[in-house]
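For reference, Swiss-Prot has these:
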type	residues	note
BINDING	Ser57, Thr58, Arg59, Thr60, Gln84, Arg108, His135, Pro136, Cys137, Gln138, Cys265, Leu266, Arg293	carbamoyl phosphate binding site
BINDING	Asn166, Asp226, Ser230, Met231	L-ornithine binding site
Amino acid sequence: MANDNGIKHFIDLSTVPATELRAILEDAKARKARLKAGEVERPYAGKVLAMIFEKPSTRTRVSFDVGMRQLGGETIMLTGSEMQLGRSEAIADTAKVLSRYVDAIMIRTTAHERMLELAEYATVPVINALTDDTHPCQIMADVLTYEEHRGPIKGKTFAWMGDGNNVLHSLVEAAARFDFNVNIATPKGSEPKSQYIDWARANGAGIMSTTDPEKAASGADCIVTDTWVSMGQEDHARGHNVFIPYQVNANLMAKADPKALFMHCLPAHRGEEVTDEVIDGPQSVVFDEAENRLHAQKAILAWCLQDRGLGA
């Protein structure tokens, strides 16, 4: 998404055209290949990425930090307690000030609206590294991972098990952008937000919703799940018992296509949403997903910065 000043923000998969998302994905593949071949790329030497963390993280922090360093740049981390974003200082003012210091801003926060307001007033690119509503960087890594293992994602079917959370919202947006299908199995009361499903369907995604996990898994090319309780939402969580039928185990995987992959954004609660047998099994690609956060996010950073004349 570009604002009125022509700044490219990576807000959601719905805000970036399909052609540009495909270009980012192919760039991620190329950058990964060059890194594995030992090539050193430093197009953003001297550039700085501000990383705002109002929700803690391992994968997001390390992958963005390492990614920016591999591109030749530097990072500075700002925690929620340090920032007091929107409390001691207006978000608009923070956005304007940071834009005078750094070349891009990454934010991992709670309310989606806080990230949107930051992007509205920033004069440098803003990257959504996670909100309570969406997780677009993770899904770019997931699409990259699927295509590495199984080829083009077009026409394939992903099956989601469990809570209708932020990762699922970005997954259905990806289904519209990359032309694949999503079967959603959630217990009643844990469905995804309707605006994400409605947008995905209106933009060509095949979305099926059910309370039956076996129906959703039937013939699927990939089974995806996440924790039953999202970070920071423990006080509002439903009892685990309602999710037990949605555990990804060997019996559920057997309903999918024999070549189906298993994905999880991690961290996983082993023995809850997924069994050890599945997450450690031959169909699991969870650690490839984790690695691919690095490569996908490097390509996202490059996409955000290229049009500003900052490297390639």
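Keep in mind that glycine also has a Cβ here, set from the backbone N, Cα and C atoms.
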So if I draw a 10 Å sphere around the Cβ of Asp226 (L-ornithine binding site), how many other Cβ atoms end up inside it? 27
Quick check for the class: what is the C-alpha distance, in angstrom and rounded, between Arg59 (carbamoyl phosphate binding site) and Asp226 (L-ornithine binding site)? 15
Out of Ser57, Asn166, which of these binding-site residues shows the lowest number of other CB atoms within 10 Å of its CB? Ser57
Cβ atoms other than its own within 10 Å of the Cβ of Cys137 (carbamoyl phosphate binding site), all chains, total 26
Measure from the Cβ of Arg293 (carbamoyl phosphate binding site) and count the other Cβ atoms within 10 Å, all protein chains considered. 26
Length of the line joining the Cα atoms of Ser57 (carbamoyl phosphate binding site) and Asn166 (L-ornithine binding site), in Å: 15
State which of the following binding-site residues has the fewest other Cβ atoms within 10 Å around its Cβ: Arg59, His135. Arg59
In angstrom units, rounded to an integer, how far apart are the Cα atoms of Asn166 (L-ornithine binding site) and Cys137 (carbamoyl phosphate binding site)? 11
